[in-house]
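Annotation source Swiss-Prot lists Ca(2+) 1 binding site at Asp30, Asn32, Asn34, Thr36, Glu41. Look at Swiss-Prot and you will find Asp73, Asp75, Asn77, Glu84 tagged as Ca(2+) 2 binding site, backed by sequence analysis. As annotated by Swiss-Prot, Ca(2+) 3 binding site applies to Asp132, Asp134, Ser136, Gln138, Glu143. The annotation Ca(2+) 4 binding site is assigned in Swiss-Prot to Asp174, Asp176, Asn178, Thr180, Glu185. Among the features that Swiss-Prot reports, domain 'EF-hand 1' is placed at 17-52. Under the heading domain 'EF-hand 2', Swiss-Prot lists 60-95. For 119-154, the entry in Swiss-Prot reads domain 'EF-hand 3'. Here Swiss-Prot flags 161-196 as domain 'EF-hand 4', drawing on sequence analysis. Positions annotated as blocked amino end (Met) by Swiss-Prot: Met1.
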Amino acid sequence: MEHQIITQNVYAPDTEAKLDVARKLFAQFDSNKNGTLDPSEVAGLIKTTFENMGVKDYSVTADDVKLYMKSVDVDNNGLVSYSEYEEYVIACLKKAGFDCEVKQKVKRSAKKRDAATEMKLDVARRLFAKYDSDKSGQLEEKEVYGVITETYKQMGMDYKPTEADVKLWMSMTDTDKNGTVSIVEYEDFVISGLKKAGFMVKEFTQA
């Protein structure tokens, strides 16, 4: 089965840090986890944005929401998608003097999931890109050692994988048994781990 692969932009560390805050805010107010914000959810996002800037007890008006929707809802469907939101945040960061030049493009599955899950996957995608040394879009066994080592490191553990560890990891991740792990297989493996850990994952179709 063919899976569509797309690319995702990675920015300078300071810019990515701000985007991480924005992603968490989007995930917080995407209450039904459908990957979009409706006007009522946008009102909560605006209020929290003001609070984060030190403006307490700000009363969000209908005009505030309309103005925000006009600026962000590019396709005018009455909803703010995550991609529209991120483009708006990047434009604001650029105006504020942040470096918004794309530093790297990482491959990812075209599947769309809720923003909280996407934040987890963003970390995994960058890890995949880092150890895909020949940029083939596939991880070979020799590249998997680094992935496993850094995964443990992110959990605060200094662990060096053995050959048996790598072969076990490959057996769980390489679902088509072609000897390499694609970004789609890797994302599916990460999603499976998140679900086992009790993390709610929602996939949806969005144009």
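From the backbone N, Cα and C atoms, a Cβ is placed for every residue, glycine too.
For the Ca(2+) 3 site, the Cβ centre of Asp132, Asp134, Ser136, Gln138, Glu143 serves as reference, and the other residues of the chain with Cβ at most 8 Å from it are Tyr131, Ser133, Lys135, Gly137, Leu139, Glu140, Thr180.
Each of 60-95, 119-154, 161-196 was scored by its Cβ pairs under 8 Å to the domain 'EF-hand 1' (17-52), and the highest score goes to 60-95. Residue environment of Thr180 (Ca(2+) 4 binding site) contains 19 other Cβ atoms, counted within 10 Å of its Cβ in all protein chains. The Cβ of Asp73 (Ca(2+) 2 binding site) lies under 8 Å from the Cβ of Leu79, Val80, Glu84, each of these being in the same chain and 6 or more residues away along the sequence.
Per-residue pLDDT, averaged across the domain 'EF-hand 1' (17-52), gives 91. Note: the Ca(2+) 1 site is recorded as Asp30, Asn32, Asn34, Thr36, Glu41; in the same chain, Phe29, Ser31, Lys33, Gly35, Leu37, Asp38, Leu79 also have Cβ atoms within 8 Å of that site's Cβ centroid. Closest in space to Glu143 (Ca(2+) 3 binding site), of the binding-site residues given as Asn34, Asp174, Asp176, Thr180, is Thr180, taking the CA atom of each residue.
DSSP assigns Thr36 (Ca(2+) 1 binding site) to a strand in the three-state reduction.
For the binding-site residues Asn34, Thr36, Ser136, Asn178, the largest tally of other C-beta atoms within 10 A is found at Thr36.
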